[in-house]
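Visitor: Got a structure for you, written out below as structure tokens; questions coming shortly.
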Amino acid sequence: MRIILLGAPGAGKGTQAQFIMEKYGIPQISTGDMLRAAVKSGSELGKQAKDIMDAGKLVTDELVIALVKERIAQEDCRNGFLLDGFPRTIPQADAMKEAGINVDYVLEFDVPDELIVDRIVGRRVHAPSGRVYHVKFNPPKVEGKDDVTGEELTTRKDDQEETVRKRLVEYHQMTAPLIGYYSKEAEAGNTKYAKVDGTKQVAEVRADLEKILG
């Protein structure tokens, strides 16, 4: 089962990706992890990626596609894989198709921007332990304090409203066009496309995914 997850940052993809991996026994492929692993392994592609990154440039789509092809040929991808964060653009999706990387399901996590802002901006973190709270949805027992240690909670830089809104604008400009692209692919019978209501509770979203994926 080969799956692509689409949706804005904060739409709940990460939580559900974990569930899909465990339930269907497929690995999650993140381009960031893949690039780091390739550089570490010193493979031909890894060396190319390292040279580009050392020069402070963005890795080309061609190189990322080559890495994806190499990664999905590995044993743990025999039953499929889960792609999150790639493709991000229509040229990348086209390049994937040309490289013969077919996808069974494209799942779009649909959550209104304002709810995403609410979800992310309300996060509070206990940095030493990694415990995460939310002022509205999962508040600590004492406001601003970690439940276990009583230490101060902080807000991550990435969780500040200005940053979140900037990322949402980027998503709508760059990645949202993929929704139309994959809807057309589904109409042509090349993949299955499903919209998932990401505003529901985690368990409800999980149940919806089980219905879609079987």
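Backbone N, Cα and C atoms are what each Cβ position is placed from, and that goes for glycine too.
It should be emphasised that the depicted structure is a prediction, and the values quoted were computed from it without experimental measurement.
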Visitor: Since Swiss-Prot lists Gly10, Ala11, Gly12, Lys13, Gly14, Thr15, Val132, Tyr133, Lys200 for ATP, which candidate among Arg36, Arg123 does it give for that site as well?
Guide: Arg123
Visitor: If we skip the immediate neighbours and take only residues 6+ beyond the ends of the region 'NMP' (30-59), which ones have a Cβ under 8 Å from one of its Cβ atoms?
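Guide: Cβ under 8 Å, 6 or more out: 66-68, 70-71, 84-86.
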Visitor: Restricting to the record's ATP-binding residues (Gly10, Ala11, Gly12, Lys13, Gly14, Thr15, Arg123, Val132, Tyr133, Lys200), give me the longest CA-CA distance in Å as a whole number.
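Guide: The ATP-binding residues span at most 20 Å between Cα atoms.
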Visitor: Counting distance between Cα atoms, which of the binding-site residues Gly14, Lys57, Val59, Tyr133 is nearest Lys192 (N6-acetyllysine)?
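Guide: Comparing Cα positions, the candidate nearest Lys192 (N6-acetyllysine) turns out to be Gly14.
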Visitor: Under DSSP, is Thr31 (AMP binding site) part of a helix or a strand, or is it coil?
Guide: helix
Visitor: Round to a whole number and give the Cα-to-Cα distance in Å for the pair Gly10 (ATP binding site) and Arg156 (AMP binding site).
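Guide: Cα to Cα, Gly10 (ATP binding site) and Arg156 (AMP binding site) are separated by 14 Å.
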